[in-house]
């Protein structure tokens, strides 16, 4: 069955299996998901995972698994708060460790199922029509780069992971005081990317994987690797929602077929 995607702010019902099942290996995941009546597995996932996870869901459906796979894609911070508010989900995939630590601390996710699956990089992008290579360095003249009215879009710098990474990078490069008035904060990395694509801002700080799938933007610089913490994506099962179908799909997310899809979109695989 083709994946059904839920966007931010929507709540949805889940059909949960009640029988227990021991964890399965990757090669057994499809078989486990194909037994019994059709069930639903919902994954709350960082916006930057959208394309990869939608393709993985299609690959899972092609195995014959009788599971309806649903997604809610937005910022990890918003998803963590939705879980805290009681929104039903089976799997949480965060774009940073902070928000997975948050859900672990609130008893919302199962720490013993937590796995760091992926990595990413932070880049500076510009509209394709105006993009010119930039060198990002400590103490650079950011005002000269931006000009009188230039702005930079990224996630909200105090909550959305890409924005938090961006603020950390600019701070470590000694640029935050100058660049902070020029920041346009958005609810997710994809929202920031959209502003750049439409030419509403001069630049955006996004993940390399998001820049790679955008048609109207170009990467003009990569941030120095030592200017921000590693971008890591932890996945975990939601407490009380670790159904047999959930475990089967969770295993598939970590398997060889899924890893090839992650790589196709530019993620580094742990």
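Every residue, even glycine, has its Cβ placed from backbone N, Cα and C.
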Molybdate site partner of 48, 76, 189 (as recorded in TrEMBL), chosen from 165, 207: 207
Close in space, distant in sequence - residue 207 (molybdate binding site), Cβ under 8 Å, 6 or more apart: 48, 95, 120, 121, 122, 123, 162, 189, 231
DSSP three-state assignment (helix, strand or coil) for residue 48 (molybdate binding site): helix
Annotated molybdate contacts 48, 76, 189, 207, maximal Cα-Cα distance (Å, integer): 14
Residues within 8 Å of the 48, 76, 189, 207 Cβ centre (excluding the molybdate site residues themselves): 46, 47, 49, 75, 95, 120, 155, 160, 161, 162, 188, 190, 206, 210
Residue 76 (molybdate binding site) CB neighbourhood, other CB atoms within 10 A: 34
Residue 189 (molybdate binding site), number of other Cβ atoms within 10 Å: 33
